[in-house]
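Here is the structure we will look at, set down as structure tokens.
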Amino acid sequence: MTQTVNNGGWGEDHPIGVAVLGMGTVGTEVVRVLRENAADLRARVGAPVVLRGVAVRNLATDRGIPAELLTTDAAALVNRDDVDIVVEVIGGIEPARALIKSALNAGKSVVTANKALLADYTGELAAAAERHRADLYFEAAVAGAIPVVRPLIQSLSGDRVNRVVGIVNGTTNFILSAMDETGADYSQTLAEATRLGYAEADPTADVEGYDAAAKAAILASLAFHTRVTAADVYREGISKISAEDLETASAVDCTVKLLAICERVPAGAGEPGPEAGGKERISVRVYPALVPRRHPLAAVNGAFNAVVVEAEYAGRLMFYGQGAGGAPTASAVLGDLVMAARNKFFGGRAPGESVYAELPIAPIGDTPTRYHVNLQVADKPGVLAKVAGEFAQHEVSISTVRQEGHGSGARLVVVTHHAAESALADTVAALAEMESVTSVTSVLRLEGTEE
Ligand code: NDP
Ligand code: HSE
């Protein structure tokens, strides 16, 4: 018979106490699973895991749990002697930040789904956890139910990650999928995503890419052992993506996805590379891009997310699943809760922060990418050569060019090879000034191709 080591005297007379802060979309499911699965959780942890209380804003809402569990005084709940683990699912910066710090400073473990907070304050929170030998878990903060934080922190800790690219926002993927499949209206689809509990309290965070940028910052920090904050992430959202953009994408057998891309890029021009004692850099960016339909990310629809990790030795790994919603997110939160409870029981600790590499962030202008440019042009001899000349002048190599229509309705569709983002942006600006170009009707980046 194996013997378990119980370092805290935990047991029937001394259960592990949990406080849940927030009982909205995620908190409601966390509380439900915690109560419904109590017997299994007890068996998996080794001691009972007991819900001590739930902090909310509004006590009048009927939540289907005993009223004595509810409180509006989150700080007092966190500080109760019988609370050992705090689950924060309020969202936003304050009071979440102060409450988490207060828990960590008291040596209590914390589980949070709050990517907006982590993207800016992981350093501060991890330092508090380190100082007080407490756990800080946040699997649910990136891509809902999908285990991707723990694989990066633990499973791949002996490898070298080169690239992480993914669809990490369920709301925008839900919207773009509907626009692609049915030509659905943008605002109606956003309302539906909000109704289903996918969107943030302020859905601007979703549609303008802030939520994906926060997740990208977390992923890049873990992948490259470097502190990356939301301010380091280049960000564009989907609010300017039109039905015409989706049609353009379809015409070239692509769809449009909001991508989070974190990758190593070479040292800057004139700077020494790693072989000469210098440092490579990392690029972290979020934007909508054309993705070929044959690419695995193109098949990720609705509120599903997927993250592709490319590592030196493991090769390419893909993580796929439900990226938003109460129950899927609660699954990730509960997984962290069990880990934190087991650590209490056995006396271990979660791995701490690893930011030793301190890689510099490359500016977006230096990032290599491909553009798909649609131009309305005058159908006159020599226009194509002039347009091609503008690309050449900026040292942007053209992969394909196609003319559609003629007369005043002539259109040129230019797809480039990889070039520096700044060169591509300058080319587009110059094209817009050309007399023979009536308008630059769309500019979309193209990702997921090998060229
Ligand atoms: P909701 O807006 O649905 O719920 C927030 C909850 O926090 C509510 O119960 C609210 O109380 C409570 N609350 C707000 N302010 C306070 C306060 N000052 N004191 C005590 N309670 C407070 O948010 P979600 O459940 O959607 O999201 C929670 C967190 O999880 C966020 O960080 C979010 O980014 C993250 N997340 C969300 C996912 C999702 O799919 N929804 C997926 C992954 C992560 P009341 O009910 O009284 O208003
Ligand atoms: N609003 C977020 C999304 C929730 O749509 O992906 C999950 O983090």
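Yeah, the Cβs are placed from backbone N, Cα and C, and that goes for glycine too.
Residues annotated as active site, proton donor in TrEMBL: K215. For K215 (active site, proton donor), the same-chain residues that are 6 or more apart in sequence and have a Cβ closer than 8 Å to its Cβ are K115, A119, A141, V142, A143, V168, N169, A260.
According to TrEMBL, the feature NADP(+) binding site maps to L21, G22, M23, G24, T25, V26, G27, T28. For L21 (NADP(+) binding site), the number of other Cβ atoms no farther than 10 Å from its own Cβ, over all displayed protein chains, is 28.
DSSP assigns K115 (NADPH binding site) to a helix in the three-state reduction. According to TrEMBL, the feature NADPH binding site maps to K115.
Annotation comment: TrEMBL describes E200 as L-homoserine binding site. Using a 10 Å Cβ-Cβ cutoff, E200 (L-homoserine binding site) registers 19 neighbours.
Here the domain 'ACT' (372-445) is broken down by DSSP into helix, strand and coil counts: 27 helix, 30 strand, 17 coil. Annotated domain 'ACT' per TrEMBL: 372-445, in sequence order.
Rounded to a whole value, the Cα-Cα separation of V26 (NADP(+) binding site) and E200 (L-homoserine binding site) is 11 Å.
Sequence-distant contacts of T25 (NADP(+) binding site), defined by Cβ-Cβ distance under 8 angstroms and a gap of at least six in the same chain, are G197, G325, G326, T329.
Neighbours of the NADP(+) site: apart from L21, G22, M23, G24, T25, V26, G27, T28, residues of the same chain with C-beta atoms within 8 angstroms of the site's C-beta centroid are V20, E29, V30, V31, V56, V89, I90, G326. All protein chains included, M23 (NADP(+) binding site) registers 25 other Cβ atoms within 10 Å of its own Cβ. M23 (NADP(+) binding site) sits 14 Å from E200 (L-homoserine binding site), taking the C-alpha atoms as the reference points. Non-local contacts of G27 (NADP(+) binding site) by the CB criterion (under 8 A, 6+ apart in sequence, same chain) comprise V20, L21, V54, V87, V89.
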